[in-house]
Structures are given as structure tokens and as C-alpha cells.
Amino acid sequence: APMPPMPSPFTTTLVSVIVVFLGLATIALGLRVYSARISMRDKWFTMDLMLIIAALIVTYGSILTTVIGAATLGLDYTNNKMNPVQGAQFLFKIYFSDVITTTVASGLCKISILEFYKRLFIWNPFATVCNVGIFLVSSWMIGTSVIQFFSTTPMSSAWHPERQLLDANYDYPTALLAIFGIGIALDFLVLCLPLRPIWQLQLKLANKIKVSLILWLGIFCVVAASVRFYYSYRQLNLVFVTTAQEKGTITVQASLWSKIEPSASIIAACLPTYGPLF
């Protein structure tokens, strides 16, 4: 007798949410490009705009894996093309690539914001601080890729539920949680950097508060990153003690939240650039 359909970790609600966020990020970037073109004319294609476009392209790539996953395993209910162990391996492959692509997308977005700050505040010491921030974010992206690629020997053990612990080169869960925690800290750093130059401007107190709040729209990115950290903690904490199906389900929850983060970052990075539209 055929097996009854099992719940799929790819639910209609969760997949719809990340697709909607990607659509909103695309619209936000389109409005930013339009705003730049009407305000700066021939010099509209700046470094910060180029970086945010690159971040959106990488985000599209990471979300494509979710679409492939839903098509392969089934949406809402599994199509029974794979047994639970094979399904878990497939989900871990998606998670393996997601850690790199979502980190790169979020990192490019952070660097884009720092480049925007440098263009916004013409102040040499501040530009140096932003360059230090760019170095830290770049190191974070490279470090994440190194940790992911060399987590196990052979690399294929990284997506084999029964081999991850046996073939690990180091304490992978702790290392990855540290990477995610550093990402949240870098988000706070990027949010706090412009506060000093803003409060040194010759503006009324109300206007200083308004400008600060506009640049702090990125706080939602910190919220998304924190939720991602929570699900990643659960996924990594339980990865060696749960069944294959449970591993796959919690892994996809961490993966889906990781894909909301770069889209939210892109939206937040674009909002402060809409001045010319109004």
C-alpha cells in the first residue's frame, strides 16, 4: 500500500512569505534606482547602488533553492519521491548553500549601506570608520564561507545527517552560531555609525531625531537576523539527536528565516534614499 503523504517542511505560507519579501525588495530597489536617476542624473550609478543590486541578485539565487526544494519534495505535503533520510540530505544541501548565499547577500547590503554613509557624510574620520566596517563585514563573509566549506571531511558529510558529527573538523554548531551572532552585532554597528555625525549637524532637535529614525529603519533586519539565530540554534542543537524528518523540518525553518533577512535588509537600505521622490 502506498505511504500516506507526510507534511512537507515547505509550507505554502512560509514559501509565500519569502517570495513576497523578495518582491518587496525588488520594488524597493526599483524605486531607489528611479530616485537616484532623477536626483543625480548622469552620476546615479554609485558604488552603494551597485552593491545593493548585487545583494538582490544573490538573494534571488538563494530563494531559487527554496522553489527547487518545494518542487522536489512537495509543497505542504511530501510527494514521497524520497525516503526520510534522502529528504533530510536534500534539505541539508539547501541549508549548506543558504548559509553562504544569505551571508553574502546580507554582507553586500551592509557594505552598500556603509558606502552610502560615506557619500552622505563628507567627513574624513567618519569615512575611515566606515572603511573599517567594510573590512569587518568582508572578513565576516569570507570567514563564513571558509567555515562552511571546511566543516567536514569529506565535504559531502555536511549534508549527511549520520556523518556530520563523525566527520566534523571542529565544533561546527558553535562556529556557525558565532558567525550568525557576529552578523547581528555588525547590523547594530552599521545602525549606530551615523548617529554621531547626524547629531553634530546644525539641525533642530526634531530633525535630528527624524533623520536618525529614518536610518534606523534597518532595525527590522536585526529582528529577522535574531529570529534566524533562534531557529539556527534549535536546528544545530538538535541535529544529532532527532530523527531525519525532524532534522529536515527544523533545518528548513532556519533556512526560510535566513532568506527573509537579506530581503528585509535590502528594503531597509533603500528606504532612506527616497528623498527625491517626495
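The backbone N, Cα and C atoms fix where each Cβ goes, and this holds for glycine too.
Annotation comment: TrEMBL describes 12-31 (among others) as transmembrane segment.
Here TrEMBL flags 36-278 as domain 'Rhodopsin'.
Taken from TrEMBL, the feature transmembrane segment applies to 51-74 (among others).
The transmembrane segment annotation in TrEMBL covers 94-114 (among others).
Panel annotation: around the transmembrane segment (126-150), residues 96, 99-100, 103-104, 107, 110-111, 114-115, 117-118, 158, 169, 172, 175-176, 179, 182-183, 186, 189-190, 193, 196-197 of the same chain, lying at least six beyond its termini, place a Cβ under 8 Å from a Cβ of the stretch. Taken from TrEMBL, the feature transmembrane segment covers 126-150 (among others).
The feature transmembrane segment is assigned by TrEMBL to 170-193 (among others).
Taken from TrEMBL, the feature transmembrane segment covers 213-231 (among others).
Beyond the transmembrane segment (12-31), the same-chain residues lying 6 or more positions past its ends with a Cβ under 8 Å from any Cβ of the stretch are 52-53, 56, 59-60, 63, 66-67, 70, 75-76, 253, 256, 259-260, 262-264, 266-267, 270-271, 274, 277. Against the transmembrane segment (94-114), stretch 51-74 shows more Cβ pairs under 8 Å than any other of 51-74, 170-193, 213-231.
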